[in-house]
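Here TrEMBL flags Leu24, Gly25, Arg26, Gly27, Thr28, Val29, Gly30, Ala31 as NADP(+) binding site. Annotation comment: TrEMBL describes Lys119 as NADPH binding site. The L-homoserine binding site annotation in TrEMBL covers Glu204. Summarising the annotation, TrEMBL assigns active site, proton donor to Lys219. The domain 'ACT' feature in TrEMBL is assigned to 368-441.
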Amino acid sequence: MSDLKQPQFNPGKGIGTPVGVAILGRGTVGAEVMRFMQEYSFDLENRIGGPLELRGVAVSNVEKHASEVPAELLTTDARALIARDDVDIVVEVIGGIDYPRELILEALKAGKSVVTANKALVAAHSDELAAAADAAGVDLYFEAAVAAAIPVLGPLRRSLAGDRIESVMGIVNGTTNFILDAMDSTGASYDDMLAEATRLGYAEADPTADVGGHDAASKAAILATLAFHTRVTANDVYCEGITHVTAKDIAAAKEAGYTIKLLAICERFTSDDGTEKISARVHPTLIPRDHPLASVSKSFNAIFVEAEAAGRLMFYGNGAGGAPTASAVLGDLVGAARNKVHGGRAPGDSTYANLPIAAFGEVHTRYHVDMEVADRIGVLAEIADLFASCGVSLRTVRQEDNGDTARLIIVTHSAAESDLAAVIIKLKNMAAVKSVNSVIRLESE
Ligand code: HSE
């Protein structure tokens with residue numbers, strides 16, 4: 001037997017008993033959760049089996065919210081609010097890592113169920129948070145942490161709990177999808193489209209977490225943990241953002257029948273030594289223009305799941321924004337409240353499989369290598385030999401004349417990251433190679 005534990009028994013408060021809720025943070029998500037709790041209180045009560053009652057909202061600046069929230073609900077003392085006996089569920093929508101981590105651990109230890117939208121926190125500390133929830137016999141829900149309104153964690157945890165998931169691949173960041181989609185449709189530069197994303201309010205004032213791929217990496221860690229029953233943190237995820245993707249890359253991809261998307265890719269595979277391993281990575285990726293993920297435009301998200309029995313599933317929708325994120329928070333809130341009323345707990349993360357996480361060098365994929373080379377006899381053969389000497393097989397080669405030099409675009413067959421890395425080092429040291437302009441990974445169906 002593996003690490004099976006005796007579950008804590010939660011007998012439930014009984015039908016009709018109120019469920020007290022504390023909300024930590026009142027940004028766009030917190031405000032929308034409050035609006036729903038107020039406007040749809042009758043529906044929520046009937047769906048839950050008891051009324052949801054808001055006990056308080058913790059904010060950093062009471063004055064800022066005073067015109068919209070009754071004074072008796074507002075507090076700056078989140079700890080005191082969490083500790084109240086009449087609070088059963090804590091909703092954390094503050095963001096950040098250290099402070100919400102402390103608050104959530106306090107809440108769980110005090111026997112409160114927790115609903116959070118905090119991907120960075122869950123990706124970094126899910127083991128500690130899950131252990132605290134298990135020890136107290138309460139729920140820890142975080143559907144909103146990945147792709148906001150799109151229900152994907154619930155299906156991984158419940159609907160697909162009996163299947164064997166082979167891979168989860170998707171567009172899980174709206175800001176970068178907006179930028180890449182706009183670059184693809186207008187031919188504009190990365191900087192111009194980032195400015196446009198900022199103007200339209202998609203990108204944050206500091207867009208580093210989005211464009212650097214870190215936001216998607218946190219989501220990949222959460223998806224991989226649930227898909228493979230193995231604890232994966234953001235540090236285990238290879239992460240490359242979109243800041244270096246140029247209009248020239250997009251145009252070359254388009255010409256060859258591809259589009260570039262920032263993908264989170266979580267896979268199970270058998271490594272060269274025969275061991276089953278998993279990997280999780282985030283990077284710009286060429287995908288064929290007829291791939292289902294290629295048509296995901298603007299700031300939409302989509303996640304493609306492949307499982308042994310279910311086959312291929314695709315989840316699509318709004319992956320960012322106050323209301324879509326609030327939708328996922330509210331779903332979790334209803335689930336946690338039902339358990340408070342009727343008893344029982346939601347399924348937690350099972351990490352029994354504990355599969356080894358592959359070193360990035362072991363991951364296999366295909367590559368699109370764009371370089372500038374001397375245009376003279378024998379160069380192409382030299383380059384083909386170099387790829388072959390590193391064990392990387394070529395699939396297509398395209399050449400464009402460019403005066404004294406030629407632009408060479410090579411697409412490889414599937415090869416290990418370590419082998420491709422060796423190719424790139426050697427190319428950069430080769431006299432005939434003037435520059436390696438870009439190396440972008442490529443996925444096909
Ligand atoms: N900033 C994220 C995005 C939304 O652009 O998708 C929150 O995860």
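In case you wondered, yes, glycine gets a Cβ from its N, Cα and C as well.
This view paints the features noted in TrEMBL onto the structure.
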residue	record	Cβ neighbours (10 Å)
Leu24	NADP(+) binding site	24
Gly25	NADP(+) binding site	23
Gly27	NADP(+) binding site	13
Thr28	NADP(+) binding site	13
Val29	NADP(+) binding site	26
Gly30	NADP(+) binding site	26
Ala31	NADP(+) binding site	19
Lys119	NADPH binding site	26
Glu204	L-homoserine binding site	14
Lys219	active site, proton donor	31
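The C-beta environment of Arg26 (NADP(+) binding site), restricted to residues of the same chain at least 6 apart in sequence and closer than 8 Å, consists of Met34, Val57, Val59, His65, Val69, Val93. In this structure the C-alpha atoms belonging to Thr28 (NADP(+) binding site) and Glu204 (L-homoserine binding site) are separated by 13 Å. When the alpha carbons of Gly25 (NADP(+) binding site) and the residue listed as 'active site, proton donor' are compared, the span between them is 21 angstrom. Between the C-alpha atoms of Val29 (NADP(+) binding site) and Lys119 (NADPH binding site), the distance comes to 14 Å. Here the domain 'ACT' (368-441) returns a mean pLDDT of 96 for the predicted model.
Within 8 Å of the centroid of the Cβ atoms of Leu24, Gly25, Arg26, Gly27, Thr28, Val29, Gly30, Ala31, where the record puts NADP(+), the same chain has further Cβ atoms from Ile23, Glu32, Val33, Val93, Ile94, Gly322. Proximity to Lys119 (NADPH binding site), defined by a C-alpha to C-alpha distance within 10 angstroms, is shown by the following recorded positions from Leu24, Gly27, Lys219: Lys219.
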